[in-house]
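Some notes on the structure that comes next.
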Amino acid sequence: MKFVDSATISIQAGDGGRGCVSFRREKFVPKGGPDGGDGGRGGHIYLRANKQLATLLDFRYRKQYLATRGAHGQGSRKTGKDGSDIVIEIPCGTLVKNAQTHELIADLTEDGQEMLVARGGKGGRGNQHFATPTRQAPRYAEPGLKGEAFELEMELKLMADVGLVGFPNAGKSTLISVLSAAKPKIADYPFTTLVPNLGIVRYEEYKSFVMADIPGIIEGAAEGKGLGLQFLRHIERTKILVVLVAADAADIALEYQTLVQELEKFDSGLLLKPRIAVITKMDIASEDMVVPELEGVKLLMISSVTGKGLKELKDELWRQVSTCSRSEDQPLDEHLG
């Protein structure tokens, strides 16, 4: 199953400035020749790969990018100032196509790699360029050329930063729906989630991470029971594991340990990943709920219904995600089954 983030934006490079119609006006020079300067170039638009970016989420909030036009030429042969260039930063590995022709424009894979995608219009020539022996006082200049404009279609194979692990009905789908814009199927019965759902969690502007709601695990998953190996293959690709146990579980500590044991049976290396334990559904927790003591693992208690603890969880997830190197990510591009 391929997980692809996509966005479409409009870009408009700046138009070139007009050339100037002007004549020298100096003392003792009653009939000065043409001295109109050229217009400035319109601003270019560049794409730049940035390894700190993980998703295309910010392009859902800003859809248009307009570079400024070049300034018009002036007298005394002064050329107008060039328009300001725009640099649009995108995650490494983003495929960029012309939305109309679907032609591949860019595939920037290295951090800092840049590409010019829309050229600003050339500035028009001033009237100084049009003087001839028979026409010594030309009264016209060129307009600036239009900047390039089109729509860009961007696609990015997502890297899962955070994997949600838990038995069916632990509240994984509900959590991902309140932290992100994902709309997974949610119902009060086991195995509602049959394929991984991905949600993009926006932490701050230009800061986001990807959360994978993995299908519910059951005891024996490492041997292939339930969704078994289909589930565990996707867990391998995440950087941080969040182990969820519902507050109404019969024995929270035992359920947590069972989940950890299933991970260890499949691949003991999974236990080397950063891990957070989360007790969900605190809105229905009983007064005599026993909070387990988990050595070496941060434990948070949340309610996706009331919002209790969600900010603390989001802060902790971002803290851990931002310390992990994105260079070790693997695209989520395998098929289930």
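Placement of Cβ uses the backbone N, Cα and C atoms for every residue, glycine included.
Looking at the domain 'Obg' (1-159) alone, the prediction's average pLDDT is 91. The annotation domain 'Obg' is assigned in Swiss-Prot to 1-159 on the grounds of sequence analysis.
Summarising the annotation, Swiss-Prot assigns domain 'OBG-type G' to 160-322 and lists sequence analysis as the type of evidence.
For 166-173, 191-195, 213-216, 280-283, 303-305, the entry in Swiss-Prot reads GTP binding site, with the evidence type sequence analysis. According to DSSP, Ser173 (Mg(2+) binding site) sits within a helical segment.
Around Ser173 (Mg(2+) binding site), taking its Cβ as the centre, 24 other Cβ atoms fall within 10 Å, counting all chains. Per Swiss-Prot, Mg(2+) binding site is recorded for Ser173, Thr193, and the stated evidence type is sequence analysis.
Put plainly, the binding-site residues Lys172, Lys281 were compared by Cβ crowding within 10 Å, and the winner is Lys172. For Ser173 (Mg(2+) binding site) paired with Ser303 (GTP binding site), the C-alpha to C-alpha distance reads 13 Å.
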